[in-house]
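Novice: Not my notes, these are from TrEMBL:
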type	residues	note
TRANSMEM	A:20-38	transmembrane segment
TRANSMEM	A:45-63	transmembrane segment
TRANSMEM	A:69-89	transmembrane segment
TRANSMEM	A:96-117	transmembrane segment
TRANSMEM	A:137-154	transmembrane segment
TRANSMEM	A:184-204	transmembrane segment
TRANSMEM	A:224-246	transmembrane segment
TRANSMEM	A:258-277	transmembrane segment
Amino acid sequence: MDGMTMAEWLDDFLFTYETLIHALGVHGLLALSMYCVMAVGQLSLGQAAFMGIGAYTGALLTLNLGLPFWLVLPLSALAPAVVALVIGGPTLRLSGVYLAISTIALGEVLRVLYINAEWLTGGALGLSGIPRKADLWLIYLLLFLAVLGFWAVGRSKIGRAMEAMREDEAVAGVMGVNLPVYKMGALVVSAMLAGLAGCLTAHSNSFIGPNEFGFEMAVTILSFALLGGIGTPIAPVIGALVLTSLPEILRPLQDFRLVINGLIIVVAVLFLPRGVIPFRLRRAP
Amino acid sequence: MTTLLSASRLTKQFTGLLAVNEVDVEVSAGSVHGIIGPNGAGKTTLFNLISGLLPLTSGTLTLDGRDVTSAPPYQRTRLGVARTFQNIRMFSDMTVVENVMTGMHTRLKSSGVASLLRLPGFRREERAARDKAMELLAFVSLADKARVRSGDLSYGDQRRLEIARALAGDPRLLLLDEPAAGMNPTETRDLGTLLRQVAKRDITLLLVEHNMGFVMDLCDRITVLNFGRKIAEGGPREVRDNPAVIEAYLGTKVAARLAKAHGA
Amino acid sequence: MLSQQLVNGLVLGSTYALFALGFTLIFGVLRVINLTYGFYFTIGAFVALTVAREFGANIWVALPVGALSAGVVAVVADWVLLTRLRRAKAGELSSLMVTLGAVLALYSLMAVFIGTDIQRFPFGFVDNTAIEFGSIRISLVQMLIVGTTFVLVAVLFLLLQRTKLGLMIRALAENEDAARLMGINVGLTVAAVSFLSGTLGGAAGVLIGLNFNAIQPFMGEHMMLRGFAVIIIGGLGDIRGALIAGVLLGVLEVLTAGYISSNAKEAVAFTILVLTLWFRPVGLFGRAQAKRA
Ligand SMILES: Nc1ncnc2c1ncn2[C@@H]1O[C@H](COP(=O)(O)OP(=O)(O)OP(=O)(O)O)[C@@H](O)[C@H]1O
Ligand SMILES: [Mg+2]
């Protein structure tokens, strides 16, 4: 740091790693959106798709309608929430595989639609020139608030009900938990978080394309939550931090990033079902 | 006495098996009502129908005059039905006190927003809930284990925790599926005392149990099931002397011999 | 025009049916949504491509070699990923997640070493002539697809209904514990089911790769959308349902492309999938039990 002040060094650091630091925050939000569904014992593989809906909605509202960012952001959370209602409505009444299947299918169909609806989405080239309105502080503020929110709600009857559903859904129902409402609530909130993350990505990368929100991203988001575990809301966020920064630190791993993410899921499910941060949130005062 | 729970022609068919077959049961408010019958008689299935865990094939179910035939479990819980399970089903990762607080789900009124913002009302309610949970744990003699992981409790403790969790929702009707199973005689006697105290709190008990002494001692009225059908009903003495019941439990030969001995 | 489209729809539909057949078979018997299935499709196509390129094999060699290799891969994948979960009687979501992670790892590994460029069968691998019946044109590849689908389906049905292995498989599908008590070698039957479904997936990969003449590691993944739609529309685990739903989907897609737009075609599968879930979650024929949560 010779000849540099702390502030200059920080500026330099932020400049060099800007993309990574943005990605860390956004991936933290995505990990939380995964956490939210898994916390009620469900599996949604549509987090990347919800993110994509948020990203395209946000980008199009900014580019085509010129709406202010404070309005774009909530609308980008709303759009995937509506889709979540349409998909969650029928599937949450059925066994868990139906939600998982239809959400993977959602990601797949959207990818093709983004490519084909060239007039709107720019097709395979995607949308570019999106103004960079997602400041670093905003991303991290939202991440912080989301963790705090999950932590607070986790320590209430809602958190206890969610853990109960995860452990034994039928008994949770006998405790008086309105299962359909809780499942739908979790899915909608998780879709909103993913939509926010998508909108933030669009407005920090200034470019989005149809392949960023597909299968690979969906599985990657799942790997965040499985690596960290879902005992506390911070655990999946740490999972995201590790898996996002690892390939940056170990450059040779870069090519194998997706292979590693996939293998982490395999290993976590088979040998580490609680993740590497197995603590659980206390839910009583 | 008023009827709290009324089941009429309750039927549950699994593929090729009538587990509960046109059973009528009336449970009076304030009573201790026993359900007995040999293994596989359909007792647990009957409980599952009453608590809403299984949809019924036919029949009707009313609780305090209100039709709950197709109400989902959470609505029945709100109306005052609580239960324990034969194969203990606790939230084993939670602490003991958290388990009990989960049982209060329908009685806690704070909104999601209140808990998100940790408003004073919410925090007061949570503390009150914790205190009430601690009282219930003291009631079932588990106060000193409140912060233990539930899955680490001994078997008898887990059974009593399930009772505390069920009581936490202030039920009017408590279904107990073999609460004394796996308990030694001392524990069983203590359980009997506990259940009598529960009954004194104006909670109606519906009790499945294989320990005959325990049932005869505790119950005002007993319904006997065999192969899904109701074969007898009445007071403990009446049921004990009913030849059909003896036959169901001991088989025809023994019943005939007993009948002969009585006749002689 | 319409009759030509119906023919094209039927051909496309048979590829969907063929693809979904093995997928629904796994669920019907083993009760897992095995997402590595898409990789069997990819592997089938790549093995066929390799033997065609390196050894100049023709389709009659490349098709079975590709399909059977995929079958072997399927047995290994099932054994490595699912044995442990099956023994622990883990929930259906655990097995879904394991196969999901594994399939991403497999596709990506392949992409790292082979690349994601589209590859094609050697020129002249299959005669690209077409036969005309009046105004209807059917290419040789299309006839091959429909013919192979028919043969494979017939073989599968005979196997399930007429052989001892078929009996074992049906017993396993009914109830694993009961099957074990009846003295059925469950491990072996599971392997057989994996092999069968892998072979079906691999054959679909070769034929569909041939039809579109575009082979690429993630081709199996892109096929999954149709696979999901078909097995849910047909009813999870329902083989006959999957066949009919597959053909139906193919015809609907072709008609949509013809009369509405080729963009709308891509949304057909997902739209029917969601409609089915809303209005008929047990699937078209309701044989499969849509297990209530
Ligand atoms: N979910 C189910 N699916 C199919 N059959 C079932 C199911 N649950 C119970 N049965 C069958 O229904 C019958 C009644 O079972 P149930 O558990 O109600 O008996 P029980 O009286 O509680 O017996 P026990 O004293 O052994 O607890 C049995 O033959 C059982 O095998
Ligand atoms: Mg029982």
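Using N, Cα and C of the backbone, Cβ positions are placed for all residues, glycine too.
Keep in mind that TrEMBL annotations are predicted by a computer and have not been checked by a curator.
Note that the structure is predicted; figures quoted are calculated from it, not measured.
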Novice: Should the transmembrane segment (A:96-117) and the transmembrane segment (A:45-63) be scored as in contact, given a threshold of at least 3 Cβ pairs under 8 Å and pairs 6 or more apart?
Specialist: yes
Novice: Looking only at residues six or more beyond either end of the transmembrane segment (A:45-63), which have a C-beta under 8 A from one in the stretch?
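Specialist: Cβ under 8 Å, 6 or more out: 30, 33-34, 37, 69, 71-73, 75-77, 79-80, 83-84, 87, 100, 102-104, 106-107, 110-111, 114, 120-121, 127, 129-131, 133, 190-191, 194-199, 201-203, 208, 212-222.
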Novice: For the transmembrane segment (A:20-38) against the transmembrane segment (A:258-277), do we get 3 or more Cβ-Cβ pairs below 8 Å once near-sequence pairs (under 6 apart) are dropped?
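Specialist: Taking Cβ pairs at least 6 residues apart, the transmembrane segment (A:258-277) and the transmembrane segment (A:20-38) are not in contact, as fewer than 3 fall under 8 Å.
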Novice: So, does the transmembrane segment (A:258-277) come close enough to the transmembrane segment (A:69-89) to give 3+ Cβ pairs below 8 Å, pairs being at least 6 apart in sequence?
Specialist: no
Novice: In the same chain, which residue numbers or ranges, 6 or more beyond the ends of the transmembrane segment (A:184-204), come under 8 angstroms Cβ to Cβ?
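Specialist: Hits for the transmembrane segment (A:184-204): 22, 25-27, 29-30, 32-37, 39-40, 42, 44, 46-48, 50-59, 62, 69, 72-73, 76-81, 83-85, 88-89, 92, 99, 127, 130-134, 138-139, 142, 146, 162, 212-213.
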